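Listed features, source TrEMBL:
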type	residues	note
BINDING	H281, H285, E304	Zn(2+) binding site
ACT_SITE	E282	active site, proton acceptor
ACT_SITE	Y369	active site, proton donor
DOMAIN	445-584	domain 'Peptidase M1 leukotriene A4 hydrolase/aminopeptidase C-terminal'
Amino acid sequence: MAPIDPHSYTDSTQPFTTHISLHLYLDFPSQSIHGAALYTLPSPHTGPLTLDTRSLTIHSITHYPQTQTQTQSHLPYTLHPTPHPIKGQPLTISLSSHQAFLISFSTSTSTSPSSSSSALQWLSPSQTSSKSHPFVYTQCQSIHARSIFPCQDTPAARIRFSARLNLPEELSAVMGARHVGRGPVRELGVNAGVLEEMWGEEVERRVEEEFEMEEAIPPYLFAMAVGGWVEEGGGEDEGVWGGRGRGVGDFPYGGMENPRMVFLTPFVIKGDGAGAQVVAHELAHSWTGNLITNKNNEHFWLNEGFTTYAERRIIEVVQGPEKAALNIGIGWRGLNRDVERFKDRMEFTKLRNNQEEVDPDDIYSEIPYEKGFQFLWRIERQIGRPKFDEFLKKYIATFKFQSIDTETFLNFLKENVPGIEKEIDLDTWVNGTGIPPDAYEPVSNIYNKIVSLANDFKSGKMPSEDEVADWRGQEWELYLENLPKPSEAAQVTALDERFRFADSKNYEVKVAFLKLAISSGCTEYYKDVEKTLKEVGRMMYLRPLYTVLVQSASDEAKIMAKRVFEEARNSYHPIAQGVVASILAKHL
């Protein structure tokens, strides 16, 4: 076997699937999906073919006839009996000059947390704001598509797909793909055993929605959501759709760049424009991350570092250089914080790192975003923005619809910017730990003012109303993140009495303050922390709050962290559940 990805059983000596035709029956009562997937290879293949699976039941695998003279026949396969804790179970199929085959499968029910699909969050009607419809949505990055359907779940194996979704008539579906149409349930059209029996049941109360993705995408970009929907604005082709279910609010990330259907947590809508960078980031992914992405997660910076750079260029044009510098400053603070977080595992402060036997969700951080941004910004400063812009255009044109690694990028950089390796220590940037000496803390009037006022807090001085009169969410976030932790409890309480951070509708500001309060021993804010942990599901908020609780010297804080997680975990996406569980396991 010749693996190409530490998180996948995909074998480089075997062909990549070129197209998958999905037939998915959404069973809301059991919170599971029953499916059949038709796989097409580039040419007939003889020998083993290995796919990734996690928490799937495989019912049958059959050869799919390519001509009328061929018959559908069962193919031998093995599903490894013991799941790997990170990669799941390899499914190996024996092919004999076969180009197409059909797999019938089911996802595990969500009522069994230890074995349920890690990509799917199911919500009952009672968990939604309308209380009238169930809701389900996916999150497949980094390695969770395998828990929806068997696949070569690595960014190196791009696929095209079509999908027919069979769902209750009162619900609607959206996908990261072109919507072909909605109508009555049609005949399944494939011999798929268990699914074939279900597909035609209660057809008068179910509908079929069809989608097509013509471009080849990495599996982590597979996305769908099904529930009750309301259009919030825009025309027929550009509406903003919001789930009536709470599930969108519990999305584990700020956003996800699914093609043709970006997921955004509603918490990016703050009323002060502070969430614009998240929108800019997800839009920028259309070029950096979707059009070109990393070959595997060890090169994740090629995805997020480039996108963070593009995001800041957009913010500079739309909101001005000062706001862009503020954005960079918040990122700089986050980079330093995460380098400190990994002080005992410095491997994960590298841009190119070794993730063998490492769960990518456990080491998710701002480092590939911010150190990746700093690396590209360093190149821009060296050669000038006009030349760097030309380089970026050529880079995107050269590698579009490809998944590449760091070495490929470095070779392209040296070929197109001769001598760059003599001007910038590329090896230190890519393979070195921590923050390189030529990384650059932003310089701007507002950034310097905020850092200066934060330093004044150490000597007991709070900012005056006049000094912060024009501050919005990002300014306050940067100020709070730069305050010493711990601080004097009385001083922290006085700061909140003046500026009401604990009541802020901006969760970046609220969480930054609550981290300060808990680390400073302000127990009167425990109720605010508990309330926040029970109303959000974004890991950007969950990770720091649970971490500061379990690292507290207070036994009360540790007990509360464990209790709140037990009470709130079912409202978190499975990815977020896993991250919080690992935090508690490490410290309690």
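Using N, Cα and C of the backbone, Cβ positions are placed for all residues, glycine too.
Whatever TrEMBL says is automated annotation, not expert-curated.
Rounded to a whole value, the Cα-Cα separation of the residue listed as 'active site, proton acceptor' and E304 (Zn(2+) binding site) is 10 Å.
Long-range Cβ contacts of E304 (Zn(2+) binding site) within its own chain (separation 6+, distance under 8 Å): G289, P368, Y369, G372. Under 8 Å, Cβ to Cβ, and six or more positions away along its own chain, H285 (Zn(2+) binding site) finds E257, N303, T307. In sequence order, G254, G255, T307, T308, A310, E311 are the residues of the chain that are 6 or more apart from H281 (Zn(2+) binding site) and have a CB within less than 8 Å of its CB. For the domain 'Peptidase M1 leukotriene A4 hydrolase/aminopeptidase C-terminal' (445-584), the predicted model reports an average pLDDT of 95. Across the range of the domain 'Peptidase M1 leukotriene A4 hydrolase/aminopeptidase C-terminal' (445-584), the DSSP-based residue counts are 102 helix, 0 strand, 38 coil. Residue density at the residue listed as 'active site, proton donor': 24 other Cβ atoms are found within 10 A of its Cβ, drawing on all protein chains shown.
Annotated Zn(2+) site H281, H285, E304; additional same-chain residues within 8 Å of its Cβ mean position, judged by their own Cβ, are E257, E282, A284, T288, G289, N303, F306, T307, T308, A310, E311, Y369.
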